[in-house]
Amino acid sequence: MGITAGKSMLALLAFLAFASCCYAAYRPSETLCGGELVDTLQFVCGDRGFYFSRPSSRINRRSRGIVEECCFRSCDLALLETYCAAPAKSERDVSASTTVLPDDFTAYPVGKFFQSDTWKQSTQRLRRGLPAFLRARRGRTLAKELEALREAKSHRPLIALPTQDPATHGGASSEASSD
């Protein structure tokens, strides 16, 4: 009951296959240079973009650029991802925070003059100056004042009365002497 040569050869081949798989898993990563490095960075980083040197927050004294890291030394996925740019998030980007409204939600108008399309941005309000309804109110007030002024001019007396009292000038009128 000894081990035959065929069984020992089978065991040796199985061991070599297992050893080669383990070595392939733990071997150093490959090096990337030039166009291959750029293509790999574009694939890994996608729309975020990438840096050839790390951002200033990650710099230490012995920091190297990605070319020195990946072309002359080994390079792996984790190292490549450290050179990806952070996605720029706009302050007005609200796509991440979606508000779910109930199905029975109805929007009621706030007021006649404060519709959302007329009051979009403060810069537009400043460019427009006074809102139309305030200009109309001011115009109505000015129109009333002008009408009152015209009415006062149209109702002038037919005879112009003296502005000063005749008694103060020293002249006596005939009515004052007969009393």
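The backbone N, Cα and C atoms fix where each Cβ goes, and this holds for glycine too.
Fair warning: this is a prediction, and the values are worked out from it, not measured in the lab.
Cβ environment of C71 (disulfide bond): T31, L32, C33, G34, L37 lie under 8 Å away, each six or more residues apart in the same chain. Annotated disulfide bond per Swiss-Prot: C33-C71 (among others), in sequence order.
Just so you know, the Cβ of C84 (disulfide bond) picks up 15 other Cβ atoms within 10 Å once every protein chain is counted. Taken from Swiss-Prot, the feature disulfide bond applies to C45-C84 (among others).
C70 (disulfide bond): 24 other CB atoms within 10 A of its CB, across all protein chains. Feature annotation from Swiss-Prot assigns disulfide bond to C70-C75 (among others).
Under the heading O-linked glycosylation site, Swiss-Prot lists T106 (among others).
Residues near S154 (O-linked glycosylation site) in space but far in sequence (CB under 8 A, at least 6 apart, same chain): none are found. Annotation source Swiss-Prot lists O-linked glycosylation site at S154 (among others), citing similarity to another entry.
Long-range Cβ neighbours of T163 (O-linked glycosylation site) (same chain, at least 6 residues apart, Cβ-Cβ under 8 Å): none. Summarising the annotation, Swiss-Prot assigns O-linked glycosylation site to T163 (among others) and lists similarity to another entry as the type of evidence.
The region 'B' annotation in Swiss-Prot covers 25-52. Helix, strand and coil counts under DSSP for the region 'B' (25-52) come to 17 helix, 1 strand, 10 coil.
Here Swiss-Prot flags 53-64 as region 'C'.
Over the region 'A' (65-85), the average per-residue pLDDT in this prediction is 83. Residues annotated as region 'A' in Swiss-Prot: 65-85.
For 160-179, the entry in Swiss-Prot reads region 'Disordered'.
As annotated by Swiss-Prot, signal peptide applies to 1-24, with the evidence given as experimental evidence.
Positions annotated as site 'Important for interaction with integrin' by Swiss-Prot, on the basis of similarity to another entry: R48 (among others). Within its own chain, R48 (site 'Important for interaction with integrin') has C84, A85, A86, P87 as residues 6 or more apart in sequence whose C-beta sits under 8 angstroms from its own.
Sequence annotations record features per position, and here Swiss-Prot assigns site 'Important for interaction with integrin' to R58 (among others).
For R61 (among others), the entry in Swiss-Prot reads site 'Important for interaction with integrin'.
The feature site 'Important for interaction with integrin' is assigned by Swiss-Prot to R62 (among others).
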Which of C33, C45, C75, the listed disulfide-bonded residues, has fewest other Cβ atoms within 10 Å: C33
Alpha-carbon spacing, C75 (disulfide bond) to C45 (disulfide bond), which is rounded to whole Å: 15
Tally of residues which DSSP labels helix, strand or coil - the region 'A' (65-85): 12 helix, 1 strand, 8 coil
